[in-house]
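Feature list (source: TrEMBL):
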type     : residues                                                       : note
DOMAIN   : 129-379                                                        : domain 'Protein kinase'
BINDING  : LYS139, LYS158, GLU207, TYR208, ALA209, GLU256, ASN257, ASP270 : ATP binding site
ACT_SITE : ASP252                                                         : active site, proton acceptor
CROSSLNK : LYS254                                                         : SUMO2 cross-link
Amino acid sequence: MQIIAAKAHGWRFVGCGGSFYNVCGFRMAYKENLNPGVYCNISKFTPSTTPLSFSGPQRVLRKEPFVSGFNTPSESILLQRTMTNGNRTAVLNGLHKTAPGRVAISAVMNTNSQDIQKLSTKSFTIEGFDIGRPLGKGKFGNVYLARDRETKQILALKVLFKSQLEKEGVEHQLRREIEIQSHLRHPNILQLYNYFHDKKRVYLILEYAPRGELYKELQKYGRFNEQRTATHMEELADALLYCHNRKVIHRDIKPENLLLGYKGELKIADFGWSVHAPSLRRKTMCGTLDYLPPEMIEGKTHDEKVDLWCIGVLCYELLVGHPPFESPTQSETYQRIVKVNLKFPPTMSEGAKDLISKLLQYNPAQRLVLEKVLVHPWVKEHSRRVLPPVFCSSSCS
């Protein structure tokens, strides 16, 4: 399943994506691996109206105060955004009725920070939404373009079937996605506003992102130039630095889990594989085969540095068109990863080679840290990242 996210002249229409799946037959051992000290009863979880009715322990992320220290280039903007109450307006075109019984969504709407706040606090039922065209389909349900009838805000509604979630034993993955993603606020992270459920389904209310998956864009063009790749690397490094500062490891960075906003800005989505761990040390096998770091393949304890490996693999794939350790068989891929058998095409620039080589280190402690990725000469030379505009009242100054 997939979704999409966007930003137009300061108005956030957003979306999200992702699906729950097992990689190469490996199942996560999260139920045993979670630190119960980080969690509390799901009924205390602010964004929900009623607890999920799945069997087994139900845990959610504890609330923590918003960290206002400017740990990433985006955080000063984020702080201002939390203080603004200005109106944001956007015009959506091309949202038409796509099937009998579907409701066409208005092309013009107004929204503001109070509307977004309502999405995170009010009670929901499916009758509170106008449903538009499907945005994606997956094993556990579908994603639809939708409009909240009260606030008129355009968003993405991810509809998951409880029976399928329970059958595959991935309820804990869904809880993790809700627990973690709903607490993250960053211009390059897809926002999860809220969730609700009925007898048969769980509904996630997400940002809508109109330009879709990075993966599809990569398929369309084959590979990206240095400017676009460096821009995405800066966006990704900034967003992951924000996550790591909050003890969140994503662990499944790949093109399918990265969405594009209205102006092409990157949005990290699908936090189903991620974990909030104060110790930042885990020992579960997860992630996508081509993106697995050596320590995961070898079953060693790992920490947030797995994300550094993943962005190195991603940088290579964006520039070349395929992952660096791609091989005909799974075992060959594993062998190349643990040996860091890295081969660069002759057309790749020395700056890009330097960045990728410093990220794809066998020893996690030797990988280039995110702060240094942001100021790497190749990134600084080629990146054209533009932070989203801030709509700030006079009280912000």
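Just so you know, glycine gets a Cβ as well, placed from its N, Cα and C.
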Collapsed DSSP category at ALA209 (ATP binding site): strand
Least Cβ-crowded entry, counting other Cβ within 10 Å, from the binding-site residues listed as GLU207, GLU256, ASP270: GLU256
Position of peak Cβ density within 10 Å, selected from the recorded positions LYS139, LYS158, LYS254: LYS158
Collapsed DSSP category at GLU256 (ATP binding site): helix
C-alpha spacing of ASP252 (active site, proton acceptor) relative to ASP270 (ATP binding site), in angstrom: 8
Rounded Cα-Cα span from TYR208 (ATP binding site) to LYS254 (SUMO2 cross-link), Å: 19
Diameter of the ATP binding set by C-alpha atoms, the set being LYS139, LYS158, GLU207, TYR208, ALA209, GLU256, ASN257, ASP270, in angstrom: 21
Three-state secondary structure, which DSSP defines for LYS158 (ATP binding site): strand
Surrounding CB atoms that lie within 10 Å of the CB of the residue listed as 'active site, proton acceptor', all protein chains: 23
All-chain count of other Cβ atoms within 10 Å of ASN257 (ATP binding site): 27
Segment confidence, the domain 'Protein kinase' (129-379), expressed as mean pLDDT: 90
Integer Å distance between the CA atoms belonging to the residue listed as 'active site, proton acceptor' and LYS139 (ATP binding site): 18
Cβ neighbour count within 10 Å of ALA209 (ATP binding site): 31
Neighbour tally for TYR208 (ATP binding site), based on other Cβ positions within 10 Å of its Cβ: 30
